[in-house]
Amino acid sequence: MRIHFKTSYDHDIRLFQDGWQAFLYAALLALMIALPWLIDDFFLGEATNVLIWSTCGLGLMLLTGQTGQASLGHSAFMAMGCYACVLLMEAGLPFILAFPLGGIITGLIGALIAIPALKLHGVYLAIATLALAILTDDLIVMLEPWTGGVAGKFAPPIYVFGIEINRWSNPTAWYYMALVVVLVVTLFYRNLLRAPMGRAFAAVRDSEISAQAMGVNIARTKTIAFGISAGITGLGGALMGLFAEVFNNETFTFILSIQLLMMIVVGGLGFIHGAFLGAIVIAFLPQVLSIATDSLGSTVAIPGLETGVFGLIMILFILFEPMGLYGRWLKIRTFLELFPFARKDMFRRQKSYLKTERLR
Amino acid sequence: MSLLTLDNVTLKFGGLTAVNKLSMTVNEGEVFALVGPNGAGKSTVFNLISRFYTPVEGKITFDGKDLLKLAPDEVPSLGIARTFQNIELFDQATVLDNLLVGRHRHRKTTLVEQMLHLPSVRREEREHREAVEEVIDFLDLQPYRNKRIAGLPYGVRKVVEMGRALASKPRLLLLDEPASGLSVEETQNMRWWIDDIRRQMGITVLMVEHDMGLVSKVCDRVLALADGAKLAEGTPQEVQNHPAVIEAYLGTGDAA
Amino acid sequence: MEVLQLLISGMANGCVYGLVALGFVLIYKATEAVNFAQGDFMMLGAFVTLGLVNPEFMGLNFWVALPIVFVIMGIFGYLLDLFVLRAVFGQNQVAIIILTIALGFILRFVAGLIWGHEPLSLHSPLALGDLRMGELVLGMADVAIIIVTFLLTLLLWQFFQRTKVGLAMQAASQNQMAAYYMGIPVKRIQGLVWALAGIVAAVAGILYASKGAIDPNAGFIGIKAFAAAVIGGFGSLPGALMGGLIVGIIEPFAARYLPAGWSQIAPYALLIGVLLFRPHGLFAQVRVKKV
């Protein structure tokens, strides 16, 4: 176990606790940069997919993990981000402008949607956002002149500083692009967490009443969280649509938002790491399952298998490891650091009976 | 000099009159206590000052400003901080982060600055942390600094909640039953702290408390409430010996 | 005439939505859990009946099968509460929402494994064909659905007013702690509420399957039922039924009189409208949390 002697306030402010931790993350980054030389193009595509899911997951994590608002409608923001980015590109904007602008537009729309949705708590918010996700599907069809409707749209070619980024001819560039996006988003996320806004998020999550008594404007904080969350998810959605190259109303169904929510729970709600771990699970589960069914000698695909297995994983996690994969890792790490002095109930869940959000 | 004034304040929930034509004045620099039996409306008075409730009539002013014009989250900006009867902390955050939320009203940086973590943000963070460390030192919270609230014992949470209010550097501190559920020793500590809060920090304290021992030791003036109306006001001794107060607590036997 | 026709078929759909919504609200009131799998419960109820009744499976007489279906679905609901939901009791809402959604995924998968993904139709005595009166074409199944829903509502109402268990459920839903102190076994009561929700879902499933075919994805109508529950007010049983009827009636009318696409959107647009202007539903009273 490492002990931190804190000698200045910056110790609590900076990104890494100590040099060792900074070294570990630098090593991870080096590995990520070296990845195109270590694995073939197929797996590089999968890695890109993980990064894209992570971006979307970070967006939802900010809302659900940090601010405590469950959204089942983030597929709507993925769609918005994607269509906004592509429409801007078609209007002649270079990708490097269209992409962040698409995220900002989605964020603003998200904040606008949040203003009425804010009045809703827990379940009501979940249902309202679910309705939003379903409506988006229909709206994309109805707005056919812009969205291409059911026929969908083809992603325009992407040029960044004159280099064409194409997933077939230049998969490494695509991977790096996704990596840069995810790094920038993660940095913004971390910066928020160590600033007053991030603490206001946690305050709203844990006790609205006392957050107010401390001067936190609940409506404003939630709107900001919703907006930033929608914006980040919009960036992820844009990457997802561009990576798929063709997309229509069915690319962003409400099922996607449910998967996204499940993903961050499997990864570990409230942790940045959780979004990444969850993304790894969700991106590789189909591969693992197809390998498993192949080895069992089954040649036909079993419909619903993927969601069924995913559902089972979810239930097991919620019952036995509500802190997700990252929570499990924390427990293992603490156990190893303290060995042999770790106590079993160090992480015991506190049961809160009848902590009701119902207004009565 | 009067800091907080309630003037003829009435609050009704449906047919029930929770606070009835209450007038009171808290002077700058004093420790003022509200006492009274359960359901007398003591916490309701706090919730009126915090603007969670709006009175049907009457005026509440703080330092000459009309409190009723403010939303609940604007009240702290005047320098009013409070604790809650049933401890309302941010359970999943650390003690340090809880105290830092207390600094919320002092933030000056914008969202974009915070996202980019510009030097201005770091400078401000250092100021916040300096202020919070002072509170941690004052309340001896060092051992719990980086612990999450969920998992801390009740007595510590009570202190953390007071610390969070102090971190906002208020002019008026509202303490809702600071000693309830505390051991004799912890209550003793609370007494010294309240004394120091007033003497060293110059903060005016308004508290709701049942423990008359604590009240008579730390308070300058006491107001007794029953059924939302004022029964008696004065020094702790005067109020304790006031016939109406004795009647409200014990009953006279013949009338009840 | 056309209006009447639309109205009847809309009401019949609305009854199914309403019954599924009733299941949500029952569970929500009693346990504060939101069962996003209620639609899949309905699908399961329909398939269990189909498995017992249809000649290609067990081929039992419908009226013999009916009590068996209720027992199976009731036990299913009770066990689910006992082994899964009770473990997360008191945890945050997000966990419970995801848990029940995941449950729905699993039910859909299992139903697909057992009964396949082709739409099947139930050999139901309610599938009565159409009645023609001049221009008017009445689906007799629709009329039967409305009658059965009405009867079930009466029965449930009596159950909550008259029986000991029903009263205990009411008490537990209003204040768990107080109910517990009054000697009501709150946990067992919650299990029974899940059982009841399973049975109501089975009825809804049988009614749904009497109107048309059923397949593992039929549970998705649960989302519309959800909208119905919110429109009616999440804490109110009659509200849930009314909400169901509103959604059911709006759909065919929107399809008939509004431009294409609107009938899909209408229930959700209404839902969002209700959430904006009456966040606690059209038929619910609201009280404010005390600090």
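FYI, residue positions are counted from 1 along the chain as it appears here.
Cβ coordinates are placed from backbone N, Cα and C, and glycine is handled just like the others.
What TrEMBL lists as transmembrane segment is C:6-28 (among others).
If you look at the transmembrane segment (C:35-54), the same-chain residues 6 or more away from its ends with a CB under 8 A from one of its CBs are 16, 19-20, 23-24, 27-28, 60-62, 65-66, 68-69, 72-73, 76-77, 97, 100-101, 103-104, 107-108, 111, 114-115, 120, 122-124, 197-198, 201-206, 208-209, 214, 216-223, 225-226. TrEMBL lists C:35-54 (among others) with the feature transmembrane segment.
As annotated by TrEMBL, transmembrane segment applies to C:60-84 (among others).
Residues 33-37, 39-41, 43-44, 47, 50-51, 80, 84-85, 88, 216-217, 219, 222 of the same chain sit 6 or more residues outside the transmembrane segment (C:96-116) yet have a Cβ under 8 Å from a Cβ within it. Summarising the annotation, TrEMBL assigns transmembrane segment to C:96-116 (among others).
What TrEMBL lists as transmembrane segment is C:136-160 (among others).
What TrEMBL records for C:191-209 (among others) is transmembrane segment.
Taken from TrEMBL, the feature transmembrane segment applies to C:221-250 (among others).
Long-range neighbours of the transmembrane segment (C:257-277) within the same chain, counting only residues 6 or more positions beyond its ends whose Cβ lies under 8 Å from a Cβ of the stretch, are 224, 227-228, 230-231, 246-247, 250-251. If you look up TrEMBL, you'll see C:257-277 (among others) marked as transmembrane segment.
The transmembrane segment (C:221-250) shares more Cβ pairs under 8 Å with C:6-28 than with any other stretch in the list C:6-28, C:60-84, C:191-209.
Away from its own ends, the transmembrane segment (C:60-84) comes close to residues 31, 41, 44-45, 48-49, 52-53, 99, 103, 123-125, 190-199, 201-202, 206 of its chain (Cβ-Cβ under 8 Å, at least six residues beyond either end). Counting only same-chain residues 6+ beyond the ends of the transmembrane segment (C:191-209), those with a CB under 8 A from a CB of the stretch are 15-16, 19-20, 22-23, 26-27, 30-31, 35, 38, 41-50, 66, 69-70, 73-78, 80-82, 85-86, 121-122, 124, 126, 145, 148-149, 152, 156, 165, 169, 218, 221.
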